[in-house]
Amino acid sequence: MKSNQVMIQLGYVLGASALLTAIGYFFASNWEKLNRVEKFIPIFVLILGLYGLSVWLSRQPGRAFLSKLSGFASCISFGIGVGLIGQTYNSHADSYSLFLVWFVPAFLYAILTRWQPYYVLSYILFHLTYGFFFFPRWGNYAEVEGTAIAIWLGLAVVNGVLFILFEKGRLHSPFLKWLTFQATLCVFLIVSNAQAFETYGIWMNLPLIAILIAAIRYAHKTQNKMYLLFAGLWVSAAITMKYIELIIEYHNELFFIVSLLFVIVFIGANVMFMNYVRTWRPGSEKLEAEVEKEHEAPVKVEGDFTKWIVRVLSISVIIIGSLLGSLTLLGLVTVVFGLDDPVNFLIGYGFVALIAMLLAKKFNILARYTILLSGLMMGTVSAVLTERSGMLLIYLVLTLVAFGYLTGLLTRILFFLASVIILAFILFDWTNSDVVACSLLAGLLFILFAAGQIIRASSFREPILYSSLPTFLLAFFSLTFMTESVWYYVTNVLFFLLVLAAIVISRQLHVRWVYMWSMSFWIAFLVYKYYDLAWKLLHKSISFAIIGGLILGITVWLEKRQRRNDGVVEIAPVSYEANRWLIALLVVLQVAALSLQIGKSEYLLSHGTLVKLQLKPLDPRSLMQGDYVRLRYTISEPPFWQNRSLEERTSKGKIVMVLGLNKDTGVYEYRRVYTNGEGLAPDEVRINGKQVGYEGVEYGIETYFIPEGTGRDYEVNSKFAEVKVSASGDAILVRLTAH
């Protein structure tokens, strides 16, 4: 009965996600047949209607989950509405303000309901707000190096504080606790990159070392092996990155000779670390051991989880050691030995290393696998770069031999994945067609996954199943972007149905790992199809709406049948009831905020002065608002800005310009910087701007949203922009014209 209830909830989640995706895609398509009113009314209906549905469902027995889901959908609709207003009035694409306005209610919902989806949504929106505020050009470091590092460290502080709150129990989300732990370490690793931050990057190695030590001590203190595992992996990643930085900086004979010793020390240190993990037993295991001892039962030295962690660490160390060893070997043969064409040597080394290490059973396991993988990496990469498919075929055979000959779950998974990668390159070389090669690879992986179900020996069945499913889904997912014509729609429909079936079946059979992989690719399909230009957003919207409706319809039918049989009654959470009026106030404030912004923009359109500006457009796609052209005006680089020094050009801040009408061209041009209190001539307007460093001045009219697929027409034909400017200097872009 509980299993059926879980399946019903899953059906509602899948249906709701498809419908919300359809709504987002529809408004992002910027369908030209809808005017402003016809765009806004559905959004207000969705926000209020979904909230009303949430309230009604909360009073119905057994509808607590649906009530929460409806409220969450209302919050998502609000975010779509904020983006729609920006699209309609051509405000900044992917502006931090969009995500900030959306973040506020999502964060308050998270506090009031304590439901995990709100926590995750708030976390994502905060990082988008933070990122677009400081780096509005998708990671473009317009800031000076010290400022950029401070911005990154601010993000680390936020994640660190959140992690502490999760650890102290003030907030509860195991997933976000784990994610903030990883994000904090990742940020410190980024800012310690001496190649990206040439002045201060080397000094940031000190806090990096400190935070890595703190992470390991935390894992030791809490006796949490999972966090200890990831702390160890981050240490290995840091060592690898620092090694690459040293190669870039020095790359001489002595360095590569010394590097051989470094690789040996690296592997030896990790051997000691793994021995420590293997013998360390957390409090829970000690307690279990004492209980077993009292009952005179034999005590295991290692638990299954300990063995699993040691295996993961072993594979990680081997991969990193292989990478370092491969780079060192490449440096030796090119710099020390002076080989101009080392390809044949590296391919030969790969064969010798693979065969020798497969036979050397008594050799130290870490050294054995490190040399083996180093040979495999160097040999296959050399063969790929020189397009020697015959050599790749030999490596494929040796890799399959290693899969069958060597033991261990993760070892076999590793060599299975290596075989898939080598086979992919062989197929690409033989067929000269990405579609054919990917289709053959996906078909073979599906056959392996199906055949793996009947293999009795778990030592072979598990690595085949665990490896073939995700690689099959990845190959099939890639096909949904590669194929053309009717095959494009066939592959997309088949992939969608297959993933949907995998989610439902794995959930029903409680096969967690299949469910997690399938759900991940479901989410990836819904998200990444937004950027797939072969299928129009409007058509995708209709398709997802139909699919979502069908899923919800089937789910409702199944639930009614279950309720007739079981008569399940569920009580809504008290916390939701207690915060009902606060949530209602929050919904009213959301609607008021949208209405206020619409009213302000409409007033400017009605009462503003119409001016024409000369422009030159570009053509990207917004993160969530659809296609747009990014505009540059002649007034974006006024004469005074062009005559500035380099230091003055990097300055930022607000600025107000006075524009005057050129009667010969009908275009408004720059006249001067506005001084507070000065009067304007009848043919002059003032316009508020913001200095953005090297890119000159922006006026908030640099984005023009267009119907999907019309970007080339606008880019070729648009020469001028018509803008409404208010008496206070605010501007709204109205349209683009050719004359």
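Every residue, even glycine, has its Cβ placed from backbone N, Cα and C.
Pulled from TrEMBL:
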{"type": "DOMAIN", "residues": "12-115", "note": "domain 'DUF2157'"}
{"type": "TRANSMEM", "residues": "7-28", "note": "transmembrane segment"}
{"type": "TRANSMEM", "residues": "40-57", "note": "transmembrane segment"}
{"type": "TRANSMEM", "residues": "95-111", "note": "transmembrane segment"}
{"type": "TRANSMEM", "residues": "118-135", "note": "transmembrane segment"}
{"type": "TRANSMEM", "residues": "202-219", "note": "transmembrane segment"}
{"type": "TRANSMEM", "residues": "226-248", "note": "transmembrane segment"}
{"type": "TRANSMEM", "residues": "308-337", "note": "transmembrane segment"}
{"type": "TRANSMEM", "residues": "343-359", "note": "transmembrane segment"}
{"type": "TRANSMEM", "residues": "366-384", "note": "transmembrane segment"}
{"type": "TRANSMEM", "residues": "390-406", "note": "transmembrane segment"}
{"type": "TRANSMEM", "residues": "464-481", "note": "transmembrane segment"}
{"type": "TRANSMEM", "residues": "513-531", "note": "transmembrane segment"}
For the transmembrane segment (343-359), could you work out the same-chain residues 6 or more beyond its ends whose Cβ comes under 8 Å from its Cβ atoms?
329-330, 333, 368-369, 371-372, 374-383, 385-386, 388, 391, 394-395, 398, 401-402, 405-406
Compute the average pLDDT of the predicted model within the domain 'DUF2157' (12-115).
88
In the domain 'DUF2157' (12-115), how many residues does DSSP put in helix, strand and coil?
83 helix, 0 strand, 21 coil
How about long-range neighbours of the transmembrane segment (366-384): same chain, 6 or more residues beyond its ends, C-beta under 8 Å?
263, 267, 270-271, 314, 317-319, 321-323, 325-326, 329-330, 342-343, 346-347, 349-354, 356-358, 360, 391-392, 395, 398-399, 402, 411, 414, 418, 421-422, 425
Report, as numbers and ranges, which residues of the same chain sit near the transmembrane segment (202-219): CB under 8 Å and 6 or more residues beyond its ends.
149, 181, 184-185, 188-189, 191-192, 194, 225, 227-228, 231-232, 234-235, 238, 242
